[in-house]
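Colleague: The structure's right below; bear with me while I get my questions together.
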Amino acid sequence: MPKRKNSGQSTDLNSRSPKTIDEALRILAPPQALLVQSQLNLTAPANPFSIQKAPGTSSDNEQRAPKRRADEEAVNAVPKNLLTTSSTFARAVIPAAPAISSANNKMAPQSVTATAKTTTNRGKVSGEGEYQLIKNEVLCSPYGNQYEVLEFLGKGTFGQVVKAWKKGTSEIVAIKILKKHPSYARQGQIEVSILSRLSNENSEEFNFVRAFECFNHKSHTCLVFEMLEQNLYDFLKQNKFMPLPLNAIRPILFQVLTALLKLKSLGLIHADLKPENIMLVDPQQQPYRVKVIDFGSASHRSKAVTNTYLQSRYYRAPEIILGLPFNESIDMWSLGCVIAELFLGWPLYPGSSEYDQIRFIIQTQGLPPTSMLESASKLHRFFKEVKSESPNHTNVGGSYYRLKTVEEYEASSSTAKSKETRKYIFNVIDDISRVCYGFESDPVEHLCDRIDRQEFVDVLKKMLVLNPDFRITPAEGLESKFVTMTHINGYNFANYVHEAHKRMEICRKPGPAMATPYRAANVATPITPVEKPPAPKLQQPMIAVLPQLNQIAATNIPPVPTQPDLTNLMHHYSQMAAATGSAATAAQFFYQPLPPAPLFQYAQLHHPFAARPPHFLSLATPSHMVPQFVPVPIMDPSMLQGQWPPGAAQQFAVLANDIMRVPAPQGINQMFASTPQTFSLPQFLSSSIPSATTAFNGNAPNIPFPEENSSWALGTAAQQQQQQAQRAQSMINGNVKVKPLAAQPKKNSPAPSVITLSSDEDSNGAGSSNSGSTTRTGAVNPVRNDTLPMGNTIKTEDILVPPTTFDGQLPNLQYFPGSHLFDPKTVAGLLPNPFLDTSHIPRAFN
């Protein structure tokens, strides 16, 4: 009695399985809902219809495409559907529903896309028990339904699948016709029994194919399914086996995990999960909406029998290869191999034999546990026991197992030879994240993709655990970070995250409430389009915000309440009245309100003798690191294009004074005023050096610290100390001694003042331990680290200066090489914008 090659299913039937095929016919309910396609391992050496192959140029991947089979005999692959080449990678092109002309029925389609072979054997059975179909043949069911054959879809070891039209309606269905043989009839009973249990569940919610009815046609079992569009293998083949992005793999993984979770709750094992058995429902309306098909190899958990030929080889779990007892966890292994293939565009373990399959697995996963090997019925087929005289922690009883070499296996087996069929050879699963990188010009998009890859590899490793007891379950997979996307929630402003949420919402959305997405061309049935999910609200692009002019008086511009996150970083144009005589002419000013907290905490001030841990410059959250949202609170009017009326520069003032935490705009140095204000160092910076006794006694001098270590308080403290003696000195560079700052005449063009701090080398003398003049800054430029050519700003040395250099004269400023000095007014809130043209930026911002 021949055995079904792709199944190896036991002859023991489920307790709920029918005893005869007539009982099986009555289990399935009559047609009720949507129609989809169901096929199994469709291969066809002899095709009763001429197949239209999709045009396209063959690529290297297409020529090297491995054959998708479970048995080890060579069978030519055949497309499961008529496809057309699509230039769009994200979705496949759906061909129009074929139709056959009929003068007697007004509901019949009016065209046909497949032609039948000329034959006189109508409805004959071949020598292998396969039914020979012809064009326009009508299959009648006992429920009064008639199905007219439209198109041949494919065939396999079980039989064949055709596309048919349900006469009197506009519905297109898929009919699977099994071979006329007792073994296939029994397998059909098992599939009907499982489908009858699934018919009570919501197929749209749990993402598995919907079956409508089962009947006999000339002693052949016929199963009627709803019609689906295209399987994932054909989708990959159509796109030249290009890898799928993670945003496309995620919804597929989510839907298949949902189906496996339902099967696990029913105690069912699919046992043949592969890309051919995951079908795209409607790529145009619902991209990456999939359903699981082919329950011909499925069984109940209690009826699972070891040493059976289950699963296609590329997706076969190690417990099946070794001949161990199995459960629903074999489907999780298969799903892991499927998503790895979608990510790589090539099977992860494309073994040409079971030996190659287990050899590829061991190369990346290591040897299976000893407990598994000792219980394996096929142990000596692939492994060799090695005796050892010195037992250790790696072996039990002085022996261990190793995989046979290729030469040893070929010498012991005459059926199959080892072949290298892998496109990518990995030593560890983590190396998968290093291949198939796409080009992302946006650093935020690249960062999201990199983080997403790490979580994808993490869930993949949990699905490909050798020990089935520790393999991840469907429920745990649905709670993983890769599926829930909790790891990228902080990047909701990125297009990558927006696209990920959009695709997940589409796959969660139920399909159209109609009988089938396939209808005859001449039937004027209104088709309700699938509603597009509302896109989440994003920040307006800058080009859309700039033309908006806001009238402002003496108050600040309030933030837009409907825009979260980066609202206070959006750029606005404002109009101000320039006091030019009696007529106030309008002038545009570039206004940017400051954020509540600076992007960089660039003034973490501490006294060197204070008993406090060191503080370093910390970055803000990733949502504030977008270049287009870097704040520019104060800007030179000459930086903006256009004519500026007289008096505009004098009217330019800081508008966000309350956000900058200063009493009034007049309290901050007017950088563009005719006479800039002068500043002096605060008292705590100009105090004398504390004595060594005080330092070694551990008593910190009574020096006021800036409030909450905030840079804003530094600017305020600097303004309050303007009347005291100045200690500001100008630093030239190198070892040149510092000279007191000489009074200089005022100039018409203002120049921002810059604090330059130095040690008291002159007062300490040449014999002092402090050699050389060194500076520290109160701010750090986050981008620029090149040497500044001139002016009042200097570049700090590339070597960190010991805290003893400054002693008690200067608070403990933490800085990095390449940091720049800033004016105390700058420290008070004038954060530079490194993305502007430096030729127009004031000196203090360089």
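Cβ from N, Cα, C; glycine included.
So Swiss-Prot says this about it:
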type: ACT_SITE; residues: Asp272; note: active site, proton acceptor
type: BINDING; residues: Leu153, Gly154, Lys155, Gly156, Thr157, Phe158, Gly159, Gln160, Val161, Lys176; note: ATP binding site
type: COMPBIAS; residues: 61-72; note: compositional bias 'Basic and acidic residues'
type: COMPBIAS; residues: 746-757; note: compositional bias 'Polar residues'
type: DOMAIN; residues: 147-483; note: domain 'Protein kinase'
type: REGION; residues: 47-74; note: region 'Disordered'
type: REGION; residues: 741-790; note: region 'Disordered'
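Explain the structural surroundings of these features, please.
Modeller: According to DSSP, Asp272 (active site, proton acceptor) is assigned to coil rather than to any helix or strand.
For the recorded site, Gly159 (ATP binding site), the DSSP three-state label reads strand. Using a 10 Å radius centred on the Cβ of Gly159 (ATP binding site) and all shown protein chains, the other Cβ atoms total 25.
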Colleague: Sorry to bug you, but what's the C-alpha spacing from Asp272 (active site, proton acceptor) to Lys155 (ATP binding site), rounded to the closest Å?
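Modeller: On Cα coordinates alone, these residues lie 17 Å apart.
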Colleague: If one measures from the C-alpha of Gly159 (ATP binding site) to the C-alpha of Asp272 (active site, proton acceptor), what distance in angstrom results, rounded to a whole number?
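Modeller: Answer for this pair: 17 Å between alpha carbons.
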Colleague: Return one of helix, strand or coil for Leu153 (ATP binding site), based on DSSP.
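Modeller: SS state of Leu153 (ATP binding site) = strand.
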